[in-house]
Amino acid sequence: MPLISPKEMFAAAYAGGYAIGAFNVNNMEIIQGIMGAASEEKSPVILQVSAGARKYAGQPYIMKLVEAALAVDASVPVAVHLDHGPSFEMCRECIDGGFTSVMIDGSHLPYEENIALTKQVVDYARPRGVWVEAELGKLAGIEEHVQSDEHVYTDPDEAVDFVERTGCDSLAIAIGTSHGAYKFKGEPKLDFERLEAICRKLPDYPLVLHGASSVPQEFVDLCNQYGGNVGGARGVPEDMLRRAAGMGVCKINVDTDIRLAVTACIRQYLAEHPEEFDPRSYLKPAREAVRQMVAHKIRTVMGSSGKA
Ligand code: G3H
Ligand code: 13P
Ligand code: ZN
């Protein structure tokens, strides 16, 4: 199966009350771990590439790795997506380079400028059959080039106006999630009333949840046990994500949990095998941890097992 647009994935997810996991990829082991999980769970999957990942690995490397993954096992539908595209130019490069989906992130811009930039990307992407995700509202924390101390939750009426005027295919909304490992100071809370209002005003329209890592305690503990310092980290509880997946959220973004799994395993391995210096020895358990963690998410958070 070649790379596909998220279009059909989202239509089925919306109708079925589940979500597609969008996992950030940066290297071969992470891609292998995610693809192993998707394949085992028979689930569609989105591999997403940030501007930072493009800079780290280089777009041709990432695309060839994805190509290799499909050559080895083409049993599940896969989309490749630009995460938090900062400019029209980067979106164009990704569209021209074979991505099947791009995000243009104008969430930090004044409303009318976000509309103009998003529309520019939609006008380029649509004739080329590429999906466009946009963002309205601001997540607290750091979003690539966007830093915000406070959440600016998405206004439901503005969301309707934004979608109508830009023609974007899906919309990332702010309802209380944030990027990174420190999402909540007190009790985790998402604004489900707001999500319901957005979903009601935009029927049959796919919404996207960024900042959706759950920050599994086992990985935080492993990191800390083996010399790390990630105290106080807290993510979005899995049952909240599952609930959102039944309310118009068709794409759930996960990066931090992959980072935690990889780092926890490498820390543990190196601490327990101080004589070891072959990178394969510690990358292998890290890759396996990504596979198991992503498979768990597909099953219990996304609800997309068996939907390939
Ligand atoms: O939302 C941002 C993603 O976690 C990507 O992070 O820019 O460090 O690759 P990155
Ligand atoms: P997390 O930091 O919660 O994994 O969010 C990732 C994300 O939204 C990527 O766009
Ligand atoms: Zn994000």
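Note: Cβ is positioned from N, Cα and C throughout, glycine not excepted.
Residues His179, His210 are given by TrEMBL as Zn(2+) 1 binders; from His81, His84, that same site also lists His84.
Dihydroxyacetone phosphate binding, as stated in TrEMBL, involves Gly211, Ala212, Ser213, Asn253, Val254, Asp255, Thr256; the candidate among Gly167, Gly176, Gly180, Gly303 given for that site is Gly180.
Gly180 (dihydroxyacetone phosphate binding site) sits 10 Å from His210 (Zn(2+) 1 binding site), counting Cα to Cα. Of the candidate binding-site residues, Asp105, Glu135, His179, His210, the one lying closest to Thr256 (dihydroxyacetone phosphate binding site) when CA atoms are compared is His179. Among the binding-site residues Asp105, Gly180, His210, Ala212, Ser213, Val254, the residues whose Cβ sits under 6 Å from any atom of ligand 3 are His210. You'll find the Cα of Asn253 (dihydroxyacetone phosphate binding site) roughly 5 Å from the Cα of His210 (Zn(2+) 1 binding site). Ligand 1 lies under 6 Å from the Cβ of the following binding-site residues, listed in sequence order from Asp105, Glu135, His179, Gly211, Ser213, Asp255: His179, Asp255. It is Thr256, among the binding-site residues Ser213, Asn253, Thr256, whose Cβ has the fewest other Cβ atoms within 10 Å in the structure shown.
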